[in-house]
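Chemist: I have a structure here, written as structure tokens, and I will follow up with some questions on it.
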Amino acid sequence: MEPRAAVLKLIEHKHLTTLEAESFMNHVMKGEVSEILLSSFLTAMRFNGESVEEVLGCTLALRKNALRPKTVFPFDLLDTCGTGGDGQGTINISTLSAIVLASLGIKVAKHGNRSVSSHTGSSDILTRLGYQTETTQEEVEAHLVNRGFTFLFAPMWHPSMKHAGPVRKELGFRTVFNMIGPLSNPFSPQFQIIGVYQPELMELFIKVLQSLGLKRALVCHSRDGLDEFSIFQITDYTFLENGVISRHSFDPKILGLSSLNKEEVYASSSDHAEVLARKVLNSESIAGTHAVALNAGAGLFVMGKIDTIEQGYQIAKEAILSGKTKKYFEDLISKE
């Protein structure tokens, strides 16, 4: 299907098939679609509501046009990249939980970018903490093999996205591009935990992950609006295991937490976000420790290392409080 025909179909309030969406996005990635046509495509799709097939097709195109690793990794990989954009301004919980997971021996290929809606994105906070995020492809792959953690800076691994950049910036609203980024890790991890900015996206994302063939994956959104597991409110999540999707809720009351200070997990500026992140790594933040441990625990659950998220939380919390995670991260950045 030609790009113009795809836009006309969307304008008629019809959804594209996976192949049609993939074809259009392939043209975009090659710089063959005008800004006017791309703007029309993104706007019409947003008005219709992105379907599973459309998100899957766009994801396949982005993956196809990404740089590919030269290394064949002989181990299971996890990514904790979320959509961002929940507008809550929390500390970088998914990034910190990725560090905790790596300190526990999980191989983490963290896919990410600069800030979407928070004061600091995953790239921003890692840089502030001393980890170099913009390195060569060879270094990124070597870090994963030798250290168990690596960061894939999205603009470097998805150079074809430059063709969509000006239109995305000009439109200024969320489009399908905000969805396909977390689904397009170039290392193709078979295990993934994704926090989403709207509860309606949990079903869509888990079905896309199912179509992509992941072994185990979890998509979550908390009832207080976070794109991660919350220590203050119930978190709903969809779960994929061996091709089967199930739906669940996690109530943090089961952890027995009380008198938590929300100010320890909500940042007012980039500098404040860094201060709060360091407090977590230094075991100086009660609420921050619980929040990061809970999300790391969910990662352990996705990896199949424990039977329940609660068990994972206890293991992750001990890693933080014992200084294990701090030592791991200090060793990690000392080799930069």
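In case you wondered, yes, glycine gets a Cβ from its N, Cα and C as well.
Quick paste of what Swiss-Prot says about this protein:
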BINDING   Gly82, Asn113  anthranilate 1 binding site
BINDING   Gly82, 85-86, Thr90, 92-95, 110-118, Ser122  5-phospho-alpha-D-ribose 1-diphosphate binding site
BINDING   Ser94, Glu228  Mg(2+) 1 binding site
BINDING   Arg168  anthranilate 2 binding site
BINDING   Asp227, Glu228  Mg(2+) 2 binding site
Chemist: If one looks at the chain holding Asn113 (anthranilate 1 binding site), which residues at least 6 apart in sequence have a CB under 8 angstroms from its CB?
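Modeler: Within the chain, Asn113 (anthranilate 1 binding site) has Cβ neighbours under 8 Å at Gly121, Ser122, Ser123, Phe153, Ala154, Pro155, Gly181.
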Chemist: Count the Cβ atoms, other than its own, that fall within 10 Å of the Cβ of Asp227 (Mg(2+) 2 binding site), considering every protein chain shown.
Modeler: 29
Chemist: What residues, ordered by sequence, lie under 8 A Cβ-to-Cβ from Ser94 (5-phospho-alpha-D-ribose 1-diphosphate binding site) and sit at least six positions away in the same chain?
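Modeler: Set apart from Ser94 (5-phospho-alpha-D-ribose 1-diphosphate binding site) by at least 6 residues yet with Cβ under 8 Å, we have Thr80, Cys81, Gly82, Ser122, Ile193, Gly195, Glu228, Asn295.
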Chemist: In angstrom units, rounded to an integer, how far apart are the Cα atoms of the residue listed as 'anthranilate 2 binding site' and His111 (5-phospho-alpha-D-ribose 1-diphosphate binding site)?
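Modeler: Checking the Cα atoms of the residue listed as 'anthranilate 2 binding site' and His111 (5-phospho-alpha-D-ribose 1-diphosphate binding site) gives a distance of 20 Å.
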Chemist: Around His111 (5-phospho-alpha-D-ribose 1-diphosphate binding site), how many other CB atoms lie within 10 A of its CB?
Modeler: 24
Chemist: Would you count the other CB atoms within 10 A of the CB of Glu228 (Mg(2+) 1 binding site), including those on all shown protein chains?
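Modeler: A 10 Å sphere around the Cβ of Glu228 (Mg(2+) 1 binding site) contains 27 other Cβ atoms.
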Chemist: How many neighbouring Cβ atoms, not counting its own, are there within 10 Å of the Cβ of Arg168 (anthranilate 2 binding site)?
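Modeler: There are 17 such Cβ atoms around Arg168 (anthranilate 2 binding site).
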